[in-house]
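Please read the structure below before turning to the comments.
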Amino acid sequence: MKLKETLNLGKTAFPMRAGLPNKEPQWQKQWDEANIYAKRQELNANKPAFFLHDGPPYANGNIHVGHALNKISKDIIIRSKSMSGFRAPYIPGWDTHGLPIEQVLAKKGVKRKEIDLADYLDMCRQYALSQVDKQRQDFKRLGVSGDWENPYITLVPKYEAAQIRVFGAMADKGYIYHGAKPVYWSWSSESALAEAEIEYHDIDSTSLYYANRVKDGKDILDTDTYIVVWTTTPFTITASRGLTVGPDIDYVVVKPANDERKFLVAQALLSELAERFAWDNPQVLATHKGIELDRIVTIHPWDDNVEELVMNGDHVTLDSGTGIVHTAPGFGEDDYNVGVKYGLDVVVTVNERGIMMENAGPDFEGQFYDKVLPTVKEKLGDLLLASEVITHSYPFDWRTKKPIIWRAVPQWFASVSKFRQDILDEIDKVHFYPAWGKTRLYNMIRDRGDWVISRQRAWGVPLPIFYAEDGTAIMTKEVTDHIANLFEEHGSVIWWQREAKDLLPEGFTHPGSPNGEFTKENDIMDVWFDSGSSWNGVLNTREDLGYPADLYLEGSDQYRGWFNSSLITSVAVNGHAPYKSVLSQGFVLDGKGEKMSKSKGNIISPNDVAKQYGAEILRLWVASVDTDSDVRVSMEILGQVSETYRKIRNTLRFLIANTTDFNPYINKIAFEDLRSVDKYMLIKFNQLVSVINRAYSHYDFMTIYKAVVNFVTVDLSAFYLDFAKDVVYIEAADDLARRQMQTVFYEILVNITKLLTPILPHTSEEIWSYLEHEEEAFVQLAEMPEAQEFANQDEILDTWSAFMSLRDQAQKALEEARNAKIIGKSLEAHLTVYASEEVKTLLTALDSNIAQLLIVSQLTVTQEQAPKNALVFEDVAFSVEHARGHVCDRCRRIDETVKERPYHVTICNHCAAIVENHFPEAVRQGFESK
């Protein structure tokens, strides 16, 4: 027979090469056929519930890597909770209304105003559902488990009805009102926008310094005085109706030597402004507090028929400009607020498409608002003192990527101010990951204005508001409940298919309509009201869910989006937050830390990653990054993650291969009967179990990743498995030491597979298929291991921790010997340990084959004084010489007993004894020659 046939060389069909791109879809098909998600829910039916509510992605296009980060993170949490004693259903959702879908149809040549509205809305609906199907397949390809056949979709009639009921409850409490306040207006979308629908970019703008002449100085200023104003939006001068000063700011009247006019500016800015305007030796004639200037009257710079009132406002600062700002109540929130206080007219001179209207004056009418600068300069004439280009942050429509303006238009609002404190109180009760999220959301709610909820579009949920003949808005509970029931039965499209009187409850009357005539609102709801109602449309209506949710998890942009809108509607209707905890994640950037974009060519597609590396690599990447801040990804980074995956896989493959002849019901050794080193490894592993379980409960995936990688590479590969072959390969199959080590192998293999399942479900399932003694058909149906406590574990850990330090010192001695050409491999070494009493006691306490642990052929422990050439440490020294004897062909150790026998001359006595006791045919026939 061959010598290697006497070895227990681990064999397994578990492949080294994962082949993930091909294997993952096969596993996913098995899971679908076996209905694993439903079985897990059945197993946990009577367990405590955990509800992670899915924030709905927008149904348009394939998923991007940000979607992957989000959905994989949720999947890791749901899987870990499901395996840890919780009923944790996952209902994926989609946001399906809104402008992007209208834009897609427009690009396809669909002209909304030229076809029947019901037909147009059906086209929107069909497109949205096609995108839901596309994204559903993308998410399933990532291994995300959930009730994919029963998702929630915001265009479904039952969901739309739930949304109307939220609106109705808010209206019933007086939180819905109509007003003409300035709102973010997107001329490119022809619609109002919510705060969550804007993004900021740095742009260059031309700012102007100009002057208004005083008409009535109220005995404070002379009529030959000019008040100097600064603006960054020249087009709004067409609607300017006042000037605002700071009440506590000091202002000075100055007379430059080179100008006949007198000017008023902020005292603190005089020096800077004099230089900018080239004023020669400006003489200060008077000083006034802003409060003294209240209600002084000035003349509009080019329209003598328009008077502009000087007002006081706390929003005026000395950061830039002149300390005085012009005020156009139709084009700014601060302008509007101070204008209302002083009774100014709200004038809007720009239409919905950004075109200057007739009331802007004949010189401006028909021009695009952003192109009027030359006309403004011409109209200002010698009242224009200076202009300069500045770079500043400016709001853009997040969908069209075009700049927006503030514009006062009649809109429907949801009040926040009426119950703001209630919202803030609820935020204090929510747990945030990371903790700074609480402050961020708190400040956003504290500082935000009321919510403009109306949109001038078609594809969305109609505002269920009627108007009486006298213009009175009707949104009583009776009416909104009736509309909700109609929507639930027919869908919201019925709003457009029926006349107002046919939508109202039968026999409905109103004192404002003596003739029984009614009209209906044509605006739709902000899509953030759609998704912000999901706590009612999903959590509150599905039998398998509950409200409030345990967790909302989304990107950090959702503090002004879904976290925000959901909180407002939930507190408005029910008085409490829709979530107990909020977890936010940073954005996904490319490998250089730059934003991904098609133009840069740096987009990483999850589908491409799945094809090249497999979804497991993307999932492992998610676990490896700190999502509290922005994260980076590139194919190079994923390649590094793939290498880490390979190390984990091959380490676990070694454990599989070396437990194929191990039956835990027959061969398992009790803890108290294990060798000390085996006890140590089990204790170390259970520390890992504890760390991982705690990290899962805190959604701390990176800690899990680091802990697993460290255990696999340091504790297993670099130590325990490094000397394991000397036991599991060399000793007899049923040798006690081998069974002891296999006990540890198997315990680690089974439980680390369970621990990794939430992150690497495909790989874990593949490993599980080789564990024939485990009762669950799929590892996803197993339970997470719980950390065990062992007798004397602290003492064992202390002892082995001391040995690991000694081992590091010994390896330095072996490395020096290797560099000096005394040895090649460590098995060629005879290591002498010059031990102090403390070290000798330690080595005795280990009760182990120290030479085997250090992977040397021969070891001597002595308390003699170390020679001069020894490597000396504080309480121990080492010397290394080449081992004496010959290499054993079987165990590869150098041993002086090799060649001592008349037969089996190439192996040592220890190996010979094993062969003679277990392979009698080798004794009779000898070994085949190499």
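Each residue, glycine too, has its Cβ placed from N, Cα and C.
Swiss-Prot annotations:
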| type | residues | note |
| --- | --- | --- |
| MOTIF | 57-67 | motif ''HIGH' region' |
| BINDING | GLU554 | L-isoleucyl-5'-AMP binding site |
| MOTIF | 595-599 | motif ''KMSKS' region' |
| BINDING | LYS598 | ATP binding site |
| BINDING | CYS888, CYS891, CYS908, CYS911 | Zn(2+) binding site |
Nearest of the binding-site residues (LYS598, CYS888, CYS891, CYS908, CYS911) to GLU554 (L-isoleucyl-5'-AMP binding site), judged by Cα-Cα distance: LYS598
Whole-number Å value for how far CYS911 (Zn(2+) binding site) lies from the residue listed as 'ATP binding site' (Cα to Cα): 65
CB-centroid shell, 8 A cutoff, Zn(2+) site CYS888, CYS891, CYS908, CYS911, site residues removed: ILE730, ASP889, ARG890, ARG892, ARG893, ASP895, VAL898, ILE907, ASN909, HIS910, ALA912
CYS908 (Zn(2+) binding site): secondary structure state under DSSP, collapsed to three categories: coil
Residue counts (helix, strand, coil, in that order) that DSSP gives for the motif ''HIGH' region' (57-67): 3 helix, 1 strand, 7 coil
GLU554 (L-isoleucyl-5'-AMP binding site): tally of other CB atoms within 10 A of its CB: 21
GLU554 (L-isoleucyl-5'-AMP binding site) in three-state DSSP notation: strand
Cβ neighbour count (within 10 Å, all chains shown) around CYS891 (Zn(2+) binding site): 21
For CYS911 (Zn(2+) binding site): intrachain residues, at least 6 apart, with Cβ closer than 8 Å: THR6, ILE730, CYS888, ARG890, CYS891, HIS904
